[in-house]
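What follows is one structure encoded as structure tokens, with my remarks underneath.
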Amino acid sequence: MFTEDMRIADYDPELSAAINAEKRRQEEHIELIASENYVSPRVMEAQGGVLTNKYAEGYPGKRYYGGCEHVDVAEQLAIDRAKQLFGADYANVQPHSGSQANAGVYLALAKPGDTILGMSLDHGGHLTHGAKPNFSGKIFNAVQYGLNPETGEIDYDQVERLAKEHKPKLVIAGFSAYSRVVDWQRFRDIADSVGAYLIVDMAHVAGLVAAGLYPSPVQIADVTTTTTHKTLRGPRGGLILAKSNPEIEKKLQSLIFPGIQGGPLMHVIAAKAVAFKEALEPAFRDYQQQVVNNARAMADAVKARGYKVVSGGTDNHLFLIDLIDKGVTGKDADAALGRAYITVNKNTVPNDPQSPFVTSGLRIGTPGVTTRGFKEKEVVELANWICDVLDNMGDESVVEKVREKVLSICRDFPVYRANAKSGAAL
């Protein structure tokens, strides 16, 4: 029997210390990793609740266990809200992650050994788009497209040429590090020209799509996948969406369960339902617009300081700084900024001479700082602090000065503000 006053701090001080240190890091450091964000207390409440106790193999109304009448309600809410949010005819909220969602879709629509065409990892694609170390590059014959070296944008002519040459079963559009609007219809036309399915991975821009600030692929692609965190600001998890096609829907349902997963994580699905409801609110669109405004302001400020931005700017929540001409590696820049309490991630850039473990670039994203309340004024300041550190690599006095500024602005813009009634922060 358990009592409600049981706490980790009283039972496991080592773990409690790590959790508290991470809470402190999130409040005191500026988060610029494009795939990270902060969830609301409501999302955390759902994810930390009693639904974690329930096993529920199957789907709402068709479970293999009894006692699922209440979790059925939670999952159906998540499904209905996802469909409403994205204008989809089909939604599966059970994938544990974006990678699981992609795996399920690929295996539902293609066989091992089939050819898939996806964006190269070193040009901005994701591991699951055919990278050699990933399952997608191991069990499928993966062909990769990239960016036009002149524009820094997707080379659609190359995509079309490779599609006609290799006749892929799946054409995969989407990215993990690309700052421009993707022409989903051009991908649709290319896929149709070779009889391929079009799969779109919109994990990075799902929040922008939901807000109507980025073109939606949902009624263009055969299947669309996404994570439920990043710009969508929900729990870590995956989501599959599709336009109406009973044959594809049946394949997707059976491939997720029992194909690659067993029992769904009902507490995470409940948290997804909360996040989807939050994303349906008018304030969510305002938030997403500020995310884009902040990314553009930061990119412009970085360029004004003499740094190269891949493709020259951004249309979404992220941009890439190319450090090749500066003679600075992404690894060293990442570490120096980390000491200044600015968290970014090293990232490969087009024609990168460094290995993926070193790189010559940085990926910068604004979802997290926008959740904190940063607007253009604050992010331009932040961009200049970043450039101060990069201009003075090896000078720890500059790092220290920037760190003090970071701590000050973080105090002014806490992630989790004190409760007006109790006076307690989360």
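Placement of Cβ uses the backbone N, Cα and C atoms for every residue, glycine included.
Using a 10 Å Cβ-Cβ cutoff, S355 ((6S)-5,6,7,8-tetrahydrofolate binding site) registers 10 neighbours. S355 ((6S)-5,6,7,8-tetrahydrofolate binding site) falls within neither a helix nor a strand when secondary structure is assigned with DSSP, and so counts as coil. According to Swiss-Prot, the feature (6S)-5,6,7,8-tetrahydrofolate binding site maps to L121, G125, H126, L127, S355, P356, F357.
The site 'Plays an important role in substrate specificity' annotation in Swiss-Prot covers H229 and is backed by sequence analysis. Around H229 (site 'Plays an important role in substrate specificity'), the same-chain residues six or more apart in sequence whose CB sits under 8 Å from its CB are S35, E36, N37, V39, P235, R236, G237, listed in sequence order.
Look at Swiss-Prot and you will find K230 tagged as N6-(pyridoxal phosphate)lysine. DSSP classifies K230 (N6-(pyridoxal phosphate)lysine) as helix under the three-state reduction. All protein chains included, K230 (N6-(pyridoxal phosphate)lysine) registers 28 other Cβ atoms within 10 Å of its own Cβ.
K230 (N6-(pyridoxal phosphate)lysine) is 16 Å away from G125 ((6S)-5,6,7,8-tetrahydrofolate binding site) when you measure Cα to Cα. When Cβ neighbours within 10 Å are tallied across all protein chains shown, the highest count among the binding-site residues G125, P356 belongs to G125.
Separating the Cα atoms of K230 (N6-(pyridoxal phosphate)lysine) and F357 ((6S)-5,6,7,8-tetrahydrofolate binding site) is a whole-number distance of 23 Å.
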